[in-house]
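Step one of this worksheet: look at the structure below.
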Amino acid sequence: MQTKEDRRHIASNVWSARIIPIVLLGVIAYASYVTIGPLCVEYVLAQHHAVGTVAAILVMHIILLILMLSSFLRLLQVTVLDPPLLPLGPKAVQDRQSAGQRHRKHTDEGTTGSEYKAERDSGISSNMVVEQSDPDSSGLELFYTKDIFVCQLDGKPNFCSECNNWKPDRAHHCSMNGCCILKMDHFCPWVGGPLGENNIKYFIQFNGYTALFCAELLVIMAFYMVKQRNEKGGEINVQFSVIMGLAAMFGLFTSGMFGVTFYGALKNVTQVENLSAKAITPRIHTLAVLKPSYEEVIRVNPDWDSNPSYKFNEVTYPLPRPREVNVDQAIVSQGPEDAGNRNLVRDQLATRTFAIIQLRAGDNPWDLGSMYLNLQTVLGTNIIDWFLPFNRSPCCIHDDTRSQFEFGPAVDLAVATLFFKEASDPDMTWEDYPRAMQKFLKSARRTRSGRSQGTDRKRRSRRREAEDMEEGLSYAHRMEDLPVQRDKSRSWAMSMNPFQASSALSGGIRKKSKFTYRNLAHLAALSTTCPLRVIAHVDLDAFYAQCEQVRLGIAADQPLAVQQWYISTSLNVVINLTCVRDGLIAINYPSRKFGLTRMITPTEAKKLCPHIILQHVATWKEGDAKWAYHDDVAKNIATHKVSLDPYRLESRRILACIREALPASLQKIEKAGIDEFFLDLSAQVHSILLERYQELRGPAPYDDPTECLPFPDCKLLDWQADALVDLDAEQAEEVDPDWDDFAMLIGSEIVRNVRATVWDKLKYTVSGGIAQNKMLAKLGSAYKKPDQQTVVRNRAVQQFLSDFKFTKIRGLGGKLGDQISSTFNTEMLKDLLPVPVELLKQKLGDDTGTWVYQVIRGIESSEVNARTLIKSMLSAKSFRPSINSEEHALRWIRIFSADVFTRLVEEGVIENKRRPKTLNLQHRHDGQVSARSTPIPQGRKLDEASLFELARSLLRQMIAEGNVWPCGSISMSVSGFEEGVTGNMGISSFLVRGEQAKALNNVRDMPSDRPYQRRKLEASTDIQSFFARCDTGGEHDNTSDDQALGREESVFEGYDARSTPDPVNVTISPAPLHQRNITNYVCEQCNKFHKTADNLQSHLDWHFAKDLQDEERAGARPSMKTNSSSKTPTQSANKKKNGRGKPEKGQMKLAFG
């Protein structure tokens, strides 16, 4: 329902637009005045006495003026008095009348008159509501009394919820008018209204005549302006130049509009339809076609009943019940007898059955195949009507019983192929179709058999149709995504598939695929919406257990488990009991045969499986500089800290192995956890498809990317040992596979090779899942374990998801899953499928409800992210019992520093690739957690000792504030990673010193017979080098980093989920500086190496500037103890302003650090 503001907006648009025609009429009057008065009378006639010239100018001007004004006035008349508006439905009329808005008056002529108005005025009460879900609702008879009409997928006409009415063919809702426009082209403010079927002709004529009128003014004014200037020595009439400018402006605009609209008339397409045809996903027209009698079809095509390729969906319309009819004298009619009385009384049992078909994407059903015929539907059948704005367009007349608008060859071919093409006649040509169609159409419309032989049909269209017919391709898509069931009366009941449509494979023989060349191109571009997309998820089987099994060299069938301590807290009535327990965090698959599960104690595991091997995770021991495996770790929890570094290192090796198994230029890997990876195989699959199947290599026919791919010749696919998910209930394995199945097959081969490579090199078993998106691939990798891979074909999504709990889907296992489970009282995915999306939106919100509705149907389009940099690193320790001294805490902080620095080395901190900006220290005392943070100096060397000193200073701040002991846990973290800065130049590079200065003096004093020429220094270090371009790219390594590590199992000690890039081998020569290569320069303050002397001087200059800056800040800033993490907004704002002023002219900014 329209709001008050909407109605005001529509009214203001309409009335403001109607002021523009008045302005146009004023411009036309002024142009005529200047042409007749100042030009013809005062200049040409009075000064040159050229009577013949004046007569010729006036005759031509008046003729064009009359044609332009007549077409413009006719256009205004129709637009204002009889616009091409669709009458509002009863409910919309009632709503708008109650709001005080008058419904627009319509005439009884043409489309906007009796045809669409009769149903509303034929006794329907004003309080009747047109319901889209009601098959007997008012207005439907205007559609199913036709033989063909545009419909939705369920066979009903398009419905406008704003106007509360059924939309005829080619009608679109216009927000500027607040109602639907019949055959809408666009809303034109120059004429004050919308352009549709009954005024587009006058618009074309007006623009054409106006363009000629402006061209005439432009030529005449330009000619006489030049002549006047030559005669009077540069003096010209200002009015001539004004008219010339107006003529140029309006001429350019009207000629452009004429070209656009005239081209649309040639193609029989409106601007709205043209935009939808040129969209990324072209519109597919769905049509309801009156089904001929069974005997009629069999007489023409005897094989129609036995050929399964002729299946389609149907919809049967019951005609409205007569108000006063004797059932014994009921009239059975197949269509209206005349245009003036369309609501014939029909039998209560009379029905009309329609077949639902779809044209190809981008096909225009109203293109008659000839520009001349298309122009006739808009401008008129008589040539005189093309130039005179009197008679209306033939497209306004809808008395044809076949359709509201005349359909073209695309529809005829689709219908004829659907019903009348003989299976034994593959050479049936276009000329044969009209003869077969005559038995189906039963209308007075003349056939096109003569037109098809003429030269007016486009050569490309004819060649395309002939080739398609030779291959036996129907122009209609069979709507195979909707399951159909055939009964004795040869009608099929329609039921929507709750899952996303899989490969449209039917029992029929097809010569072309359902996928297009555009889909194939999107596959190479890694598009997330490509229907051929292939995503894999590889998951290590019991990763922690496998790591220990490989490290210890244990046989694969030996039961093994990984144990780790954890803190168990129980609440007693009197006291709070806290104890340390051992538990199993990873169990290999041989152990699971004995009934072992995670979190049971080692003692219980030994009882169930006496010969099981229990291995504790590695730990950091207090006082050690590196993690190690210890036998007595369970008894010394107070002096040990869990370390997961061995598993991180193995994860890096596995990732490197996966990368080696995939082409470097085509791989896209996302590290989803420490033991799982997503692989986007689309680009590699595309490459292999083109290599194996030559029919896919060539360009699309006619350079049209919407053309369907040729159907693959192979009928059987070798899936080898893959776990293949059963197909959906309506699918069959006997059906020939399409290209999506071939893509999945290639993806399974790639994953099989990746798994074999990991096993051969590292002896790890991997499970895999191959599907169209990440969600299905992840579910597939866990479907069959261990050491197997599962393929979820597009045709098997329904069967695959039916038995899952929706809580198994990523994103639905937390609070959202609990909310859905409690709201709908189920955890099974199949129980949620009948829930409509509106109800999900109401219960969960619009965005979440829509996402849940799609994801439970297997629709998910998240991207595989190739790289994710870490944001922080954490090292923590929980103390049982609590610690009570600074000395004890510092020993653990030293271990934290070593742990964190080891990881920073992996991140490239030594090479200055990435380094953190902030160090954080957190501790817990009596359940209260407090934290302190401090910035990490960016210009100084970052090592284990510097991290320890920073953390120790933060600990002493906490101790000074009190309430620290006893301490239950301490953690240290670094955050704020940023790329390192290299290549800055120092102030010393401005000057020449030492041996270089002496060499320059020697050159000046050296006599020479040759002309003086300066020697080019290999490495200039004078002041000119400061202005030279500095290459900073040589020291920066852009090595890609891995994504954040996840946890395979629950781990009890706090640790950071982080990336572990491949190690970088750095070799530092132990020789003294003067013995090293001349390209190696070292800083004596931080021992950092530099490749050039310029870089070294720049680095030394940075040390000097940094020391000065620290001294200034130390003198200007008062000492106070504040928590750097809790700054007020005022302080933050002031900090940003200090020293950040805009550089003055001639100044430049130097990047230190």
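Just so you know, glycine gets a Cβ as well, placed from its N, Cα and C.
Curation does not apply to TrEMBL; its annotations are automatic.
Feature annotation from TrEMBL assigns transmembrane segment to 20-41 (among others).
Annotation source TrEMBL lists transmembrane segment at 53-76 (among others).
The region 'Disordered' annotation in TrEMBL covers 92-121 (among others).
Counting same-chain residues at least six beyond the ends of the transmembrane segment (206-226), those with a Cβ under 8 angstroms from any Cβ of the stretch are 31, 35, 39, 43-44, 57, 60-61, 64-65, 67-68, 71-72, 75, 236-237, 240-241, 243-244, 246-248, 250-251, 254-255, 257-258, 261-262, 389. Feature annotation from TrEMBL assigns transmembrane segment to 206-226 (among others).
Residues or ranges marked as transmembrane segment in TrEMBL: 238-266 (among others). Among residues of the same chain six or more beyond the transmembrane segment (238-266), those with a C-beta under 8 A of the stretch's C-beta atoms are 27, 30-31, 34-35, 38-39, 185, 200, 203-204, 206-208, 210-211, 214-215, 217-218, 221-222, 224-225, 228, 274, 371, 374-375, 378-379.
The region 'Disordered' annotation in TrEMBL covers 442-472 (among others).
Under the heading domain 'UmuC', TrEMBL lists 535-813.
If you look up TrEMBL, you'll see 1076-1111 marked as domain 'UBZ3-type'. Mean pLDDT for the domain 'UBZ3-type' (1076-1111) in this predicted model: 66.
Residues annotated as domain 'C2H2-type' in TrEMBL: 1081-1108.
The region 'Disordered' annotation in TrEMBL covers 1111-1153 (among others).
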Using Cβ atoms and a strict cutoff of less than 8 Å, what residues sit near the transmembrane segment (53-76) while being 6 or more residues removed from its termini? 21, 24-25, 28, 32, 35-36, 39-41, 44-45, 191-192, 199, 202-203, 205-206, 209-210, 212-213, 216, 220, 387-390
Could you pull out which residues elsewhere in the chain have a CB under 8 Å from any CB of the transmembrane segment (20-41), counting only those six or more residues past its ends? 54, 57-58, 61, 65, 68-69, 72, 76, 189-192, 217, 220-221, 224, 237, 239-240, 242-243, 246-247, 250
